[in-house]
Structures are given as C-alpha cells and as structure tokens.
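Visitor: Okay, handing you the structure first.
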Amino acid sequence: MGLCHGKPIEQQSKNLPISNEIEETPKNSSQKAKSSGFPFYSPSPLPSLFKTSPAVSSSSVSSTPLRIFKRPFPPPSPAKHIRALLARRHGSVKPNEASIPEGSECEVGLDKKFGFSKQFASHYEIDGEVGRGHFGYTCSAKGKKGSLKGQDVAVKVIPKSKMTTAIAIEDVRREVKILRALTGHKNLVQFYDAFEDDENVYIVMELCQGGELLDKILQRGGKYSEVDAKKVMIQILSVVAYCHLQGVVHRDLKPENFLFTTKDESSPLKAIDFGLSDYVRPDERLNDIVGSAYYVAPEVLHRTYGTEADMWSIGVIAYILLCGSRPFWARSESGIFRAVLKAEPNFEEAPWPSLSPDAVDFVKRLLNKDYRKRLTAAQALCHPWLVGSHELKIPSDMIIYKLVKVYIMSSSLRKSALAALAKTLTVPQLTYLQEQFNLLGPSKNGYISMQNYKTAILKSSTEATKDSRVLDFVHMISCLQYKKLDFEEFCASALSVYQLEAMETWEQHARRAYELYEKDGNRVIMIEELATELGLGPSVPVHVVLQDWIRHSDGKLSFLGFVRLLHGVSSRTLQKA
C-alpha cells in the first residue's frame, strides 16, 4: 500500500490514459502488478508463454521499442489469476472466487491483536485522506501531545476487517517490525509509532510533502539530466544498501515509492512502502511473486530470488530517469513479463548515444538478466559513473561475506586461479575492495581474521539483522578456521567472477589472468588428480566432463579449464556441462 501519496488515488486514475501504443513490443512473463501502488501477487508464468520468445520479431530484433511518457504510467490491467491469488492471500474470496460471508469460518482463530498502543485517538487528530488502496488508506494527521505535538504526520490505516488470513496479519506485523528496525536512515521515511484499536492498525510516519519521484520526472519533461539523475541514484542506492545489509529486501522499488520530503529542489528523497518487504538471509532465496510489473526482476518470475531483485528494479528506475521511457513495455501484464524475461532494453535510440559511456554501462550492469552478474548497491555506489559526484561513503556489502565463505571452502587450485585474476583488477575495481577491506578493521599489520567479519556486522546491526538471521550466517563465517588475510588475498576471496564476466573487458581479464597463472601456478595435472582437487565423487564420469580442462599437448590446465575453475564447480554443474 502506498504511503504519503501526493494526491488521492482517484485523482491519479483520471490521469492514466489507455495507451494507444502498438502491440509489437516484446513480452515477458509473470510478476504481480500493483494498481495505484498496491500489490498484486501472481502465480508462476504459464509454461505456454515461453515456447518461443515473443520478444523476437520477424526482423529478429530483440529489444524494447522506446516508450516516451508524458503522463503517469498507465498501470497494467490486473489479470484475473493475479486478482484471485491476491484475494485468497487476504481471504476476501475462496479459491473458486466465491464470496466469503462476513464473519465466516475463515477468520475463526485468527489473532488480530498486535500488542500496539491503543491510544491513537488521544495522540493524533486525523485530517484528510491522501491515498487509498485495496487494503487500507493513508491520511495526514496532526500530533495532539507528546514530542510530535503540532507536527504533521502521515498515518497508514489498515482495517482489521481486511486481515482475513494469517498471512495478511503477518504481512502487517512484519511491515511494522521492519520500519521500526530500519528507521533513522536519512533516505528512509521516518517511523514514529504503531497503534491499534478494534477496527484498525495505524502506522504513524513522517509526512513527505514534496511529491513522488515519478511526479518530478514528469515535471522535468519525462527525464533527468545525468547530473541530477546521479543525485537521485546515490540516495536510492544508499538506502537500499542499508536495507540489504540488514537482510531486508524491499521488493517493490519504483519511482512512486520514493518521496521528496519537501518541494525544495534540494529536498532529500525517502524510500516508503515496506508492505511487501521481507527478510532474506544471504544464503537463502525467496519464492513468492510480488512487486510491480514494470519493475519486476526475471528471477522473481522464476520464483527464486534475493536482494539482487531490488537492484534490477533500481536499474529500471535509472533507465527511466535517463531516457524517459520504460525498458520493458507491453499492453498486457503477461506481455510485460515476457519482455522482462526475453527482451533486451533499447540502448540504441536517443538519448542513449548522447549519454556518457559510464551512464550506459551503469544501467546495463543493473539490468543484467543473470542476477549473479548484477551489481550490488554498495558496488553501484563505487561505479565510475557515480564516483566523484559524492563523498565516497560505502557501506559494508553482504556479497563479500558470501564470496569469502565460498573461497575458504574452495580447493587450493581454485584459490591460485582467483589470485591470478585478482592481479588483473583495475584501480576503480580495487577502490570498492579497499573500502570493504577497511570496513572490516584490519590490524596494524594489514591483516583481517574471520572474527573481523562478525565484528564489522555487529557495528551496524539492528533488530532486522537478527530477524533476517544475517547474524547466524555471519557467525558461520567467523567460526571457520582459516588463516588471516592480507589485502591481496582478500581481493582474491572477495571478487565476483560472474560480475567481472559481465564487463566488456572480461576477455582481457581472463586472458591476462591465465598468463599469470601459466607463469606462477600451472603445472602438469592428471584428470584423476584434478577431480580430487575439485572434490568430485566417484559417480562423476571425470574423463568425460574434465577432458577439455587439460591441454593434451603438455597435460596442464587449459584456458577453458582455467575459466571454469574460476567460476567454481560442483558435481551438478559438471554433469550439466
């Protein structure tokens, strides 16, 4: 549900014309759309949608035509199956879509007591309604006493009559917990308190009166200049990096969910609407399909995703900011979903050729369909497009913890290959790693231990870090028995091969690394020994799957084998090769 909307939803809907754009746009598959800023939950895409890619026309062009907008995006019409699933989630209809009588057995046994204060009426006086959605509405209000006396606030009102399933109740409980835990970041809407009575839950927050980011885009003629777009992206990335470090994924990032505090040009941007947010541990994946159709990541449609899904949404926002069009468009939801899965964003038409190469690269590295190759929020803040336009203050990045864990458990053969690759990194790439190394608090001698990882996270931990079980994951790393790392080995352990592979310079990196490996670490190795090094079991036909890893001329690791070794291997991946 939207928070602090600048104008009522009814007024917005009048400004949402039916698009008359042609239907030849690429299509894509399955995520839920939000009408007027509210969630729809979609089931997995029908297999029949993917027999052939509708993104490829007879001219074999697989890119999305430019879609310039001068008015707010027309929301896609919700498909019947999405409506049905959403209704079932909140208990408004049975699976066969028959109405559930008021007070039916579906609500028997549901505990709708949240433990919030019941003194809302004595603390706040409700003013006008500023937004309405499927499961509640948002009002402005004024504090009557206490620290907020006389202050304007926003109140999100969620009727308990809408909470007819345990899932719906848990969604509200989790939203309040996340807001309470994360409040305080300068780019996140300030949470004040939560109340309840017999009829409603009231979430009291900062009232943002500067309007939506979407409105600002439209006021500027549909797009931002590069300079102004950078300012917006830095604020978005800053708050998202903070959320991800705490183990929180927003799951509905879009221009409508970022508000300016005031109408002043220098007003800070605030992330709002955590109604779809959830906790996710670094080594776990979510599988429920939520979000808004234009901004949904491909892996969400495939029902296996993590914080990388937010980065895709940020990529869509960046694309819109810079060119004034959506990267994926179609007349229907299913068409949008097919475009997300199959089509490529258009970077050929104006204004892309006139934008800086760094700006184009920034967006491309966020809109990579392979989530493993996507930048994290902390990495994006270190991208050359943004470096220099803000004071470099990079937060800790959870991907470092994941990569180091894999590195420690890797074979000595792979570690030596990664060491060679680390020596090919450029200064901008090393800047990010140096920041992450410093955040871990190295000793005076320049070393970090596994305990440093836990200590660093604890410095910035919140209740959300505990609820997401991020601390459990970090504790696993801190308990690993491994020698101390200097910066050189840290770089080898913390670099992402997949992210390097997404760069245009990947081939040069790989070739140069192989040359270094040839000089320092390559040696004659038997297939059986290689299989042992890789930890492959007896069930793997090693002579079949590893034969092209070794050069027949001298028995040493081939370039192909070297690259595969960099990516890491398992019995499963080898058998698929």
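Cβ atoms here come from the backbone N, Cα and C positions, even for glycine.
Bear in mind that the values here come from a model prediction, so they are computed numbers and not experimental data.
Swiss-Prot lists these features:
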REGION    1-38  region 'Disordered'
BINDING   V130, G131, R132, G133, H134, F135, G136, Y137, T138, K156  ATP binding site
ACT_SITE  D252  active site, proton acceptor
MOD_RES   S292  phosphoserine
MOD_RES   S334  phosphoserine
DOMAIN    428-464  domain 'EF-hand 1'
BINDING   S443, N445, Y447  Ca(2+) 1 binding site
BINDING   K484, E489  Ca(2+) 2 binding site
DOMAIN    501-540  domain 'EF-hand 3'
BINDING   D520, N522, E529  Ca(2+) 3 binding site
BINDING   D554, K556  Ca(2+) 4 binding site
MOD_RES   S558  phosphoserine
Visitor: For the domain 'EF-hand 3' (501-540), jot down how many residues DSSP puts in helix, in strand and in coil.
Guide: 23 helix, 1 strand, 16 coil
Visitor: Quick one: among the binding-site residues E489, D520, E529, D554, which has the most Cβ atoms sitting within 10 Å of its own Cβ?
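Guide: Result for the most crowded candidate: E489.
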Visitor: Looking only at the domain 'EF-hand 1' (428-464), what are its DSSP counts of helix, strand and coil residues?
Guide: 24 helix, 1 strand, 12 coil
Visitor: Whole-number Å only: compute the distance from the Cα of H134 (ATP binding site) to the Cα of S292 (phosphoserine).
Guide: 15
Visitor: State the Cα to Cα distance, in Å, between D554 (Ca(2+) 4 binding site) and V130 (ATP binding site), rounded to an integer.
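Guide: A Cα-Cα distance of 74 Å.
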Visitor: Just checking the recorded positions D252, K484, E489: which sit within 10 A of S292 (phosphoserine), CA to CA?
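Guide: Cα filter at 10 Å returns D252.
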Visitor: Given the recorded positions T138, N445, S558, and counting only Cβ atoms in the protein chains shown, which has the most within 10 Å of its Cβ?
Guide: T138
Visitor: Could you state the CA-to-CA distance between Y447 (Ca(2+) 1 binding site) and K484 (Ca(2+) 2 binding site) to the nearest Å?
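Guide: That separation, Cα to Cα, works out to 6 Å.
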Visitor: Using a 10 Å radius around each Cβ and counting other Cβ atoms from all shown chains, which of the binding-site residues R132, K484, K556 yields the largest count?
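Guide: Max Cβ neighbours within 10 Å, all protein chains included: R132.
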Visitor: How far is it from D520 (Ca(2+) 3 binding site) to T138 (ATP binding site), counting Cα to Cα, in Å?
Guide: 64
Visitor: Does anything in the same chain, at least 6 positions from S443 (Ca(2+) 1 binding site), have a Cβ under 8 Å from its Cβ, and if so what?
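Guide: Within the chain, S443 (Ca(2+) 1 binding site) has Cβ neighbours under 8 Å at K484.
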